[in-house]
Ligand code: ADP
Ligand code: MG
């Protein structure tokens, strides 16, 4: 490939009983022909006439069968054509030397068929051997006679050269004949029919126009286009094989042509000498201009002579002494042809449609990969579609509010997109600051930011109340009023840890309060009591959580799998698909998720109510303390009760002290309740987080499976799968037993002398003869009518 290659030139000698052994000698290398001419004694004593020539070619074919000729001359060219290389095979020589015999062969005898039918057979055999490729074959048959172009496969009745004249057109892809019919053939027999039709038309045309068929050039072209059946292969190859049966090469001087015949001979010589000029130019490396356009023959073959194609010349010669002069001239042409070098190259093309499809596929795969990364990094439902103006404005506003300090954190769901926008709206230092904050995992949405909430709600991340799904409700706890030792936002702590924290915080409170150790004990045991009383719910959730974990192999054997709708051509957006998922495979997880969420919300509500009560108690404590202080200062001013070291207080003050003690007790109880509730909220929170994560992970898997896994892989993955549509079931193959196949083969062999291979050849032939006979009858009728 890509390397320079010489044109292959062969000589085929027509068999004769009168072979000129004295004059034509072959050397042992099977390549060299030596010609010896006796001196013309009439030229006198001083005779400088050359008498010996030697021609070294690629092979001399003497007494060679059609089989051997095909193997030697054409086989490689044809097989290379299926790999995308153009090929040209030409037969050159004197009229009657065997060009047509070599190219077309005897149509009445299968064994004597020529290169053309054999090339068609090879093409179709090779297609059968390449099931991985979709290969199309087209053929055309052009005749050039007196510088006019004729379509030998025209389906229209032949009406002569004036009808729709064909033209030779050049474009970057090459040369083609405008107006020439090109016929798609899907099997050997069709191709043979076209060939025979062309041959018959050639004969009929020569009859009706009174033209000598040996004086025309005929170009049979096989166009091959091979595409890989694997869709991912964007490249495809095209090639054409030109099989050229040239007109007789005899020179004008010899045949005493007159009138019309002279005109023909002149033309033939002209076009053949232009062909020779083009060949000489091609053989001369210094020449950059090749005169292709001097005649129709070279113009039509412009991209098939030299250049990037495999080229072969067969020179047909007579073996008789009488034809030696023409033989010499033919051999000279052959050796000139051998000097031409070509640079065969594959004709590769790109399938734009496939390229687009593959890019789309790659995009989908990359998105899938991103989704996997996101779910691994706990960032589910990140949308990578381009953002609209509203989304961009929303992110800008979030960033601005964050920088101003009015927004605590930025919505992580849009993190990936924010990073893209940051560079547009922030100076670099701020950018870094914001980015580092963004990298922190979990965040809250500003409760006053309705636009953000509705955006996230759409994505399924926020519930109807506007709570970010499973997130602690920061505002509901009244953090500024009641002092808590447990800070919100710490996740994934075990229940035991919460218990420990609770009791230690209770102990701390107890130590700093004026209450006795007994009170402390009571409150601690009460904490445990509260926890165990709520254990029922918690256990319930735990069980459900475990159930969820056990639903892992939901994937393929779930009966819900069958309910999956047929895969649409364009996948739905994630929010839309998520709704479907929640009603389908994800329904169980979603139900558990919802239940846990409602338990969580209920606990939160209780916690919020408790907080309000605590705040009310605290206010009362403060008020009571104030009243007590007032009483104390009044008493101190009066100084009336300080007798004998005894502190005497009045009833009002005493009642206030009792009330304060009671309030403090209440405060403590409520506070313990709140701590318990908070522990529970955190625990529920954890479960809800887990459920949500699971829901989203399952969703991602489902989404990718449903819309992105290739169909054949899905089939293969299904139990009992592996048989693709279009595959033949095994029992069908088995049903045609070996005996049947043998009998079929024998039947064909007894019917046809050349075995089953010749079936299509003879079928096409019979059809053509029937048609030909019909044409003959019609012509006879016309003549009779004229008379
Ligand atoms: P061309 O096309 O060069 O004018 P043809 O192919 O028509 O010559 O050959 C002229 C005749 O010679 C035909 O009858 C053909 O059958 C016969 N012929 C030519 N070459 C061979 C060959 N190698 N073996 C048998 N017959 C041949
Ligand atoms: Mg011929």
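Numbering starts at 1 and runs along the chain as it is shown here.
Keep in mind that glycine also has a Cβ here, set from the backbone N, Cα and C atoms.
What TrEMBL says about a protein is an automatic prediction, not a curated fact.
According to TrEMBL:
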{"type": "DOMAIN", "residues": "6-340", "note": "domain 'Kinesin motor'"}
{"type": "BINDING", "residues": "93, 94, 95, 96, 97, 98, 99, 100", "note": "ATP binding site"}
{"type": "COILED", "residues": "349-376", "note": "coiled coil"}
{"type": "REGION", "residues": "488-578", "note": "region 'Disordered'"}
{"type": "COMPBIAS", "residues": "522-531", "note": "compositional bias 'Polar residues'"}
{"type": "COMPBIAS", "residues": "534-549", "note": "compositional bias 'Basic and acidic residues'"}
{"type": "COILED", "residues": "600-627", "note": "coiled coil"}
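Feature map: TrEMBL annotations on the structure.
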residue	record	Cβ contacts under 8 Å, 6 or more apart
93	ATP binding site	99, 246, 248, 249, 315, 316, 317, 330
94	ATP binding site	248, 249, 250, 316, 317, 318, 323, 326, 327, 330
95	ATP binding site	214, 215, 247, 248, 250
96	ATP binding site	14, 214, 248, 318
97	ATP binding site	14, 316, 317, 318, 323, 330
98	ATP binding site	12, 14, 316
100	ATP binding site	91, 114, 214, 245
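Closeness to ligand 2 is met by 99, 100, these being the binding-site residues among 93, 95, 96, 99, 100 whose Cβ falls under 6 Å from the molecule. Same-chain neighbours of the ATP site beyond 93, 94, 95, 96, 97, 98, 99, 100, judged by a C-beta within 8 angstroms of the site's C-beta center, are, in sequence order, 14, 91, 101, 214, 248, 316. Summarised as a single figure, the pLDDT of the domain 'Kinesin motor' (6-340) averages 86. Ligand 1 lies within reach of 96, 98, 99, 100 from the binding-site residues 94, 96, 98, 99, 100, judged by a C-beta closer than 6 angstroms to any of its atoms.
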